[in-house]
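Features as listed in TrEMBL:
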BINDING   89, 112, 113, 114, 120, 212, 213, 214, 218  FAD binding site
BINDING   109, 110, 111, 112, 120, 121, 122, 123, 124, 196, 223  dUMP binding site
ACT_SITE  223  active site, involved in ionization of N3 of dUMP, leading to its activation
Ligand SMILES: Cc1cc2nc3c(=O)[nH]c(=O)nc-3n(C[C@H](O)[C@H](O)[C@H](O)COP(=O)(O)OP(=O)(O)OC[C@H]3O[C@@H](n4cnc5c(N)ncnc54)[C@H](O)[C@@H]3O)c2cc1C
């Protein structure tokens, strides 16, 4: 279970207390507030706070015309127009604050997204829990033979068992030594900020992560993508579900233009035009490299 009883009690308490507000709220997001959604074996994502909704986007785009008399379908149309034309600042009017529990090696990828505000659990001040990410057997995969940055078939048999044993045993041994080094029973005890050096990259950390919707969608575009590592993708997938309920028009437009859409180079666009005219276009006469052509074919 990813949450302690204290944390669960706090969530129950928060969800049982309501306050009146004049601010706009998004009913789709209210139902998720504070609830922790499990990710990986010990991780979670939960919404701590949010600001804005689909209306906040259109309102900013119209520079405070307010809701006025615009029909709902116009709001959706405007959001699609903004997304289509990369008019991104209205999306920055919405904000999301998440509490995330994640393995350190996932946090290292995540923190590369610089356009967020972060507060991480301090392992200088506090003691990290004995919690490590151990992949489920189906995710214990071999190195990909086609992609240096990816994984291939799942390991099986004795090799899978040995790898799992190493991951578990090494993590436990490192944690035992961590605990022993910081202990102040009959010794001075090593500082926590130094002892943590001994912990492996699959140990869990936690942070609050606040980001505006524009940059969140950029994060999701990159990390909910098939090219992203599975262990960060599952977090992005969970966040996608929250965003879909929070700002349904914006999320639908994002799915359509960004997640499901594609960008073509002028060379690729020229090939499409030639194909439509009935010309036989091959890699050799396309003007594209082999790799580019492969990606173009996959896209089509
Ligand atoms: C599949 C995948 C593989 C990757 N592999 C590697 C890897 O092997 N090695 C590696 O180091 N990284 C890797 N990355 C990380 C990647 O290079 C980016 O650092 C990461 O995706 C964050 O993207 P970003 O900079 O666009 O996001 P953010 O930091 O959120 O920035 C959003 C946008 O703001 C602007 N911006 C932000 N800060 C600056 C700045 N200082 N200067 C100019 N513009 C700025 C840029 O337009 C940027 O696109 C990988 C990412 C993915 C998704």
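Heads up, the Cβ atoms here are built off N, Cα and C, so glycines get one too.
Projection of TrEMBL feature records onto the structure.
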residue: 89; record: FAD binding site; DSSP (3 states): helix
residue: 109; record: dUMP binding site; DSSP (3 states): helix
residue: 120; record: FAD binding site; DSSP (3 states): strand
residue: 213; record: FAD binding site; DSSP (3 states): helix
residue: 218; record: FAD binding site; DSSP (3 states): helix
residue: 223; record: dUMP binding site; DSSP (3 states): helix
For ligand 1, list the binding-site residues among 111, 113, 120, 122, 213 whose CB atom is within a distance below 6 Å of it, in sequence order.
113
Counting all other Cβ atoms within 10 Å across every protein chain shown, which of the binding-site residues 89, 109, 122 scores highest?
109
Find, for the listed binding-site residues 113, 124, 218, 223, the residue with the lowest Cβ contact count at a 10 Å cut-off, counting only other Cβ atoms.
124
So which of the binding-site residues is most packed in, judged by how many other Cβ atoms lie within 10 Å of its Cβ, out of 111, 120, 213?
213
Using a 10 Å cut-off between Cα atoms, which of these binding-site residues sit near residue 89 (FAD binding site): 109, 111, 124, 223?
none
Pairwise C-alpha maximum, in angstrom, for the residues (109, 110, 111, 112, 120, 121, 122, 123, 124, 196, 223) that bind dUMP according to the record:
29
